[in-house]
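Quick look at what TrEMBL lists:
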- Cys86: active site, nucleophile (ACT_SITE)
- His174: active site (ACT_SITE)
- Glu176: active site (ACT_SITE)
- Ser228, Gly229, Gly230, Val231, Asp232, Ser233, Ala234: ATP binding site (BINDING)
- 201-396: domain 'GMPS ATP-PPase' (DOMAIN)
Amino acid sequence: MSATPAPDTVLVVDFGAQYAQLIARRVREARVYSEIVPSTMPVAEMLAKNPAAIILSGGPSSVYAEGAPRLDRELFDAGVPVFGMCYGFQLMATTLGGTVDNTGAREYGRTELHVSKSSSTLFEGTPDEQSVWMSHGDACSAAPEGFTVTASTDVVPVAAFENDEKKLYGVQYHPEVMHSTHGQQVLEHFLYRGAGLTPNWTTGNVIDEQVALIREQVGDKRAICGLSGGVDSAVAAALVQKAIGAQLTCVYVDHGLMRKGETEQVEKDFVAATGVQLKVVDAEERFLTALAGVSDPEQKRKIIGREFIRVFEQAQAEIIADAGPEVAFLVQGTLYPDVVESGGGTGTANIKSHHNVGGLPEDLEFQLIEPLRKLFKDEVRMVGQELGLPDEIVQRQPFPGPGLGIRIVGEVTKDRLDLLREADAIAREELTAAGLDRDIWQCPVVLLADVRSVGVQGDGRTYGHPIVLRPVSSEDAMTADWSRLPYDVLAKISTRITNEVADVNRVVLDITSKPPGTIEWE
Ligand SMILES: Nc1ncnc2c1ncn2[C@@H]1O[C@H](COP(=O)(O)OP(=O)(O)OP(=O)(O)O)[C@@H](O)[C@H]1O
Ligand SMILES: O=c1[nH]c(=O)c2[nH+]cn([C@@H]3O[C@H](COP(=O)(O)O)[C@@H](O)[C@H]3O)c2[nH]1
Ligand SMILES: NC(=O)CC[C@H](N)C(=O)O
Ligand SMILES: [Mg+2]
């Protein structure tokens, strides 16, 4: 059995850009399949992938500096359409004989672009004056021979160029960010007009392709899937179930770090929607014992990651003991950003150990099945919808695998978890009642267990803990902004938490974007 042929692929070459993933997403939004490769990959290897087009990302280096990442000229002579953005644009310029240096013409942020050739491939049908997002200190002062300059700004004479004959295009700005008002249109012009691609990639293709692959991989063995109630594992499980039906058993680990009502919800919603076999493991004592006395965030994360796998192994043994073929596979809801961040990117720093990637023990007894590892969250939601999962599952806000364990700043204890569960339930209830669930990406509720402050309640002195509300808006959790929630909703949450949750006498709002803050506090 063979899977469907690989779709036309656009390679996004990552020069250490903040936005390489965003570029890949925007290409997919244009319904063309894209993948990210590091700029250290030899050009021959890139071309061997037979890309339909190549996009060169931005990056922090200066093209003229020693040791700056470069590309073999062969890439531009191979007949593959190329679109350079910022550093990629500058690299294309210098490699092909143009001039780039530090002219003092720096631009950061919103900039007015003057389009001089609106009939060009990239700018056709876009206005002569448009807002674009710039972030550069170097500038191109002369385009390579054979290129037409198609746009400028008040400070840079060459802000875009094209060589239609060779299918080479470049812009100094960042068309991938929202603030570039016609960015998506320009990108689509490159893909459809420049590279001649057809917008036909859909998440539907992914389902057929993965179902075929998984059937082939699993054969007549069995698989388990860690099911958290979250979107990723629910969609992964539904996809694998479509492929191998009853050969799949889902395992939900109640590690005592879940929110109020979560276990019941998984049992009710997911089993009702899919009819999947579900094994619920009560592992609260095991996790809380392992976490006793630990307050360092990374240590907590590693302990939780390790205990998860041990529970899956135990479940595996129990399922095998029930008779039937070997349980050889572990299904995970790993997404593309997880994969890129844990090694694919160029020199990305390790900010937090995520329990399901990188944190897996060396002696893992399972082969992994990760059908979503090429997809972004919004695409996973689309796959879920196509698989017929209900909105309550597909549109759920993300909740981290380590659960409330990383929302208690300080040691994790049963009492503190119970307290936080109450506060979290109130916040969620009020946000839902106010109809705000779709407006926010997620709203962590955090207990500062080692902080106390003085309060007055019922004419008496209190010395209680603060609760932090962290509502954020985001597209993919890579960057986020704090949500401007209506004051009356915040007031209601604050009043209810301080009235209803013992030992909490203060509610504070986190108004930090990401960066510099992350979404979770630990
Ligand atoms: N309580 C749990 N029981 C079993 N597996 C879990 C549990 N929590 C997390 N996992 C596993 O870890 C993986 C990663 O968790 P993560 O929170 O990133 O994804 P998710 O919960 O499926 O989706 P979402 O990001 O929407 O919360 C899940 O896909 C799932 O396989
Ligand atoms: O499954 C998970 N395991 C983890 O260890 C983990 N840590 C953070 N998150 C979620 O990831 C997103 C980004 O979070 P941060 O800004 O805190 O890094 C947010 O959506 C977080 O809720 C996790 N999810
Ligand atoms: N964002 C970028 O790609 C910047 C490119 C280059 N480092 C500059 O400053 O001009
Ligand atoms: Mg989750």
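Every residue gets a Cβ built from N, Cα and C, even glycine.
Keep in mind that what you see is a predicted model, and the values were worked out from it rather than measured.
Positions of TrEMBL features highlighted on the structure.
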residue	record	CB count, 10 Å
Cys86	active site, nucleophile	26
His174	active site	24
Glu176	active site	27
Ser228	ATP binding site	25
Gly229	ATP binding site	19
Gly230	ATP binding site	19
Val231	ATP binding site	24
Asp232	ATP binding site	23
Ser233	ATP binding site	24
Ala234	ATP binding site	29
Q) If one measures from the C-alpha of Ser233 (ATP binding site) to the C-alpha of Glu176 (active site), what distance in angstrom results, rounded to a whole number? A) 29
Q: Measuring Cα to Cα, tell me the gap between Gly230 (ATP binding site) and Glu176 (active site) in whole angstrom.
A: 29
Q) What mean pLDDT does the predicted model reach across the domain 'GMPS ATP-PPase' (201-396)? A) 88
Q.
Tell me which of the recorded positions Cys86, Ser228, Gly229, Val231 ends up closest to Glu176 (active site) in space, Cα to Cα.
A. Cys86
Q) If we check Cα distances from the residue listed as 'active site, nucleophile', which of the binding-site residues Ser228, Gly229, Val231, Ala234 wins as closest? A) Val231
Q: Determine, to the nearest whole angstrom, how far the Cα atom of Ala234 (ATP binding site) is from the Cα atom of His174 (active site).
A: 35
Q: Mind running the recorded positions Cys86, Ser228, Gly229, Gly230, Val231, Ala234 against ligand 3 and keeping the ones whose CB falls under 6 Å of it?
A: Cys86
Q.
In the three-state scheme derived from DSSP, which category covers Ser233 (ATP binding site)?
A. helix
